Each structure stands twice: as structure tokens, then as C-alpha cells.
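**Student:** Got a structure for you, written out below as C-alpha cells; questions coming shortly.
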Amino acid sequence: VLFPLATLQLDADQPVERYAENKQDLNPDERMKFILHALGQRRCCISPACNDSCYCCQ
């Protein structure tokens, strides 16, 4: 089967899908919180911003 080679090229005007592997449509920060929570790890937060997704650094 023959087809034009141009069909394999991407258009420069075509927007890049930034979070292609992000199935839940989360931004990178939300995705990181989700992954760290799933791994049982939490980020360090500065009080009074401490909550369930992080632990207090100070």
C-alpha cells in the first residue's frame, strides 16, 4: 500500500499534547501528590499549610 510521505509528518501548527500519559487530566503537581500518596510518601509543608498530603517541616 502506497501513501504520501507527508501523512507521516507533523504540522508545526499542531499543538503538542503536554500531558499525553496523564489519564486523569491532572496537572503535574496534582499528579505528583497522587503518586507520592500511592507510594506512602508525603511532601514536606511549612506550617500552617500542613494537611493530609504532606507533613510539617517546621
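Cβ atoms here come from the backbone N, Cα and C positions, even for glycine.
Copying in the features that Swiss-Prot gives for the protein in this structure:
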SIGNAL    1-12  signal peptide
DISULFID  Cys44-Cys56  disulfide bond
DISULFID  Cys45-Cys54  disulfide bond
DISULFID  Cys50-Cys57  disulfide bond
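If you look at the structure here, what lies around each of the features I listed?
**Tutor:** Under the DSSP three-state reduction, Cys56 (disulfide bond) is assigned to strand.
If you take the C-beta of Cys45 (disulfide bond) and look for same-chain residues 6 or more apart in sequence within under 8 angstroms, you find Asn51, Cys54, Tyr55, Cys56, Cys57.
Note on Cys57 (disulfide bond): other Cβ atoms within 10 Å of its Cβ, all shown chains, come to 11.
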**Student:** What number of additional C-beta atoms lies within 10 angstroms of the C-beta atom of Cys44 (disulfide bond)?
**Tutor:** 10
**Student:** With DSSP assignments reduced to helix, strand and coil, which class does Cys50 (disulfide bond) get?
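**Tutor:** For Cys50 (disulfide bond) - judged by DSSP and reduced to three states - the answer is coil.
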**Student:** Whole-number Å distance between the CA of Cys50 (disulfide bond) and the CA of Cys44 (disulfide bond)?
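**Tutor:** Answer for this pair: 8 Å between alpha carbons.
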